[in-house]
Each structure stands twice: as structure tokens, then as C-alpha cells.
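Features reported for this protein in TrEMBL:
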{"type": "ACT_SITE", "residues": "K147", "note": "active site, for sulfotransferase activity"}
{"type": "BINDING", "residues": "K147, G148, G149, T150, R151, R228, S236, K353, G354, R355, T356, H357", "note": "3'-phosphoadenylyl sulfate binding site"}
{"type": "COMPBIAS", "residues": "83-96", "note": "compositional bias 'Pro residues'"}
{"type": "COMPBIAS", "residues": "123-133", "note": "compositional bias 'Low complexity'"}
{"type": "DISULFID", "residues": "C336-C348", "note": "disulfide bond"}
{"type": "DOMAIN", "residues": "138-373", "note": "domain 'Sulfotransferase'"}
{"type": "REGION", "residues": "1-25", "note": "region 'Disordered'"}
{"type": "REGION", "residues": "75-133", "note": "region 'Disordered'"}
Amino acid sequence: MGQRLSGGRSCLDVPGRLLPQPPPPPPPVRRKLALLFAMLCVWLYMFLYSCAGSCAAAPGLLLLGSGSRAAHDPPALVTAPDGTPPRLPFRAPPATPLASGKEMAEGPASPEEQSPEVPDSPSPISSFFSGSGSKQLPQAIIIGVKKGGTRALLEFLRVHPDVRAVGAEPHFFDRSYDKGLAWYRDLMPRTLDGQITMEKTPSYFVTREAPARISAMSKDTKLIVVVRDPVTRAISDYTQTLSKRPDIPTFESLTFKNRTTGLIDTSWSAIQIGIYAKHLEHWLRHFPIRQMLFVSGERLISDPAGELGRVQDFLGLKRIITDKHFYFNKTKGFPCLKKAEGSSRPHCLGKTKGRTHPEIDREVVRRLREFYRPFNLKFYQMTGHDFGWD
């Protein structure tokens, strides 16, 4: 084989240490770090996977009565989904001289009553997963009544994992019907199989066109009406307006067309809304009574778990919301959630709820009770439930 090395060895007899050596094994510390990193990646993947459904069902941190996400932001000029030009938010027509006194007493709409122009956006995690659900038209709607307890009911219901509801009041069937069902659907939150989509707009109950419009969307829609003693409701309505417009006339002067004769002015919405039997007649032309649930606003305060049990049964939901979810706040005089949706901390309704009512002349209150009594009795007969207001 030719060339020999000194000492009589061939070139093939080179010591092993001079040949290329395999890489040394990684130190134990590096192996442990690599294993820890792999475990962390697996844990993060499992966490995101398990959260995909729940994050899609939770619309984010919510403070009761204070609004939620962009749905409570002031309306903005945006282009509708169908490509129509931007629209201004709903504006009431200017008051005529004859009606200006009453319309001034109505006050501006609260933020939750304004028509939302921007639909809710899914959370970043739910957007990451393709199986984060889809937007559906509501299967249940809280249609009334204003100052009856609709906000409390909606926030209590949102604790249920199978309920998804838009935060702001869409006002689709009374103010924005011309925008179409596609626009309305886009306002709704995403839902998974087995979840119910809901919304609440209290003015629907007193809107003549709303029953036919909702029936045209779906005859199977379940309707919830939160009702309250109409006299107390009227005073609460006036109190809300007074907090925004301290210069409005007194409750007494707005109540009567003629104080001397005692004739009640039913054109004032604070009075007109409380004639529940009259409004219910319009709804019963399009929906059977079994498709409507009437919730007591008084019991929603004194026994929230009991009323929520009735609502869950009506919606076909498992009774998950119970006494353990509530505590009574003596300062506000309202029940509060021990854990609000999307939060681990307790929350009560916002400061705009539970305002102190002004002192109203007892004779005016007595006259109002006389006025409402026959309407209340008819309402009891129509619903099959005595609410005990008389």
C-alpha cells in the first residue's frame, strides 16, 4: 500500500483521536430546557384550544349597567354591510310648538338605547380558531318594558354559558328596519351549537309595527316582557329624564291634561307605556300567549333567582343561574352578581340604576292608581298572572 509511517505503521493505523469525532451529547441542563419548552408549547396549545369555545361565548369584561365593548360606543358613520352609503344615527324629528313640552320631558335617549352602527367583534382568540361559531338572528328577544328591569334581566342572563346577547339595544324593529336582516344579524355575537342568541330593546313593546316585523323574521321567536307597577314605572321614567334635564316641568303637571278635572294625559309616554293591556293586544295578533313570558320587575329585585329560574325554563335552558350567583346590595337596594360575565369580581348595576325618586303628591299617585286599575285587571286576565299592583 505504498507509504509507511515511521515505526512500520501504515497510514491506516492513525489513532482514533485524530479521526472526526461525533458531537458530544448535550449537557443535562440543555436537555431539561428543551423538554420544558416543549411542554410549555403543548400546554399553551391545549389552553388555547380549550378556550376557543368559551372565549367565543364571552364578550369580554363587562361592568353591569356601564355598557360593553364597542357596542356601547357612540354611533359612528359607517358603511352598511350591503354597501349602502354611510348613515347618520337615528334622530328624532324636531318638536312642534304644541308637542315640545312633552318631548322635552322624554329626555334624550340613554347610551344603551342608541342604535348601534358597529357590530360586536369577536375576541382575538376566537377569531384565530375557525370553529368560533357564527352569527345568528336572535331566537329570543326582551321586548319591554322601559324602566321595568330589562337591563338587569339581560345582565343576569348573560351569566349563563348558553346565552349570548348583544350589549347595546339594536332598535332594529323600531328604528332601523330598513337596513335589513343581514345588517341586524351582523350586530349579533357569535354563538356555538346549543347557545341562544338574544337582544333586548324595551321600546319594541310599544311599537305598533314591531310584532309583525318580528313575526316575519321568525314566528318561533320567544318574547320576554319585564313589567312593573305602572305608577312606579312612570315615576322612574320621569326620574331618569329629570336627571338629564333638570328644567323639565313637574311630574304632576305632565300627568294631567287638566288638573282640575283630573283627566290623565295618555299622550305622555311615561303614562302611555304603562297601559300594558293595550300594547299586548297588538302582540297577540301575531304571537300566541304561550310564546311570551312576563317577568315581574318587583320579583326580579326581591327574588332574582326565582325569576331567572322561570326565564331559563322558558328558554329551554338548564337551571344554572341560582341563588349562589346573587347578593343583595343594601346601599343600592338591588341584587348584584357575585361574578359578572367575563369577570371574577362582583358587580352591581351602574350608578344610573336605582336613582332616588322625587316626592310625588299623594293625590296624584292615588289618581294614577285609579286610572291604571282597569287596565291592570285586564292585563292580569290576558296573561293569567296577578302581579299584585292593586
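Using the three backbone atoms N, Cα and C, a Cβ is placed for every residue, glycine included.
Sequence features annotated in TrEMBL and their locations in the structure.
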residue: K147; record: active site, for sulfotransferase activity; Cβ within 10 Å: 23
residue: G149; record: 3'-phosphoadenylyl sulfate binding site; Cβ within 10 Å: 28
residue: R151; record: 3'-phosphoadenylyl sulfate binding site; Cβ within 10 Å: 22
residue: S236; record: 3'-phosphoadenylyl sulfate binding site; Cβ within 10 Å: 22
residue: C336; record: disulfide bond; Cβ within 10 Å: 19
residue: C348; record: disulfide bond; Cβ within 10 Å: 22
residue: T356; record: 3'-phosphoadenylyl sulfate binding site; Cβ within 10 Å: 7
Candidates S236, C336, C348 (recorded positions) with Cα within 10 Å of K147 (active site, for sulfotransferase activity): S236
Cα-Cα distance linking C348 (disulfide bond) and T356 (3'-phosphoadenylyl sulfate binding site), given in Å to the nearest integer: 16
Residue pair C336 (disulfide bond), R151 (3'-phosphoadenylyl sulfate binding site) - Cα distance, angstrom, rounded: 12
Integer Cα-Cα distance in angstrom, S236 (3'-phosphoadenylyl sulfate binding site) to C348 (disulfide bond): 18
C-alpha spacing of C348 (disulfide bond) relative to G149 (3'-phosphoadenylyl sulfate binding site), in angstrom: 13
R151 (3'-phosphoadenylyl sulfate binding site) versus C348 (disulfide bond) - Cα distance in angstrom: 11
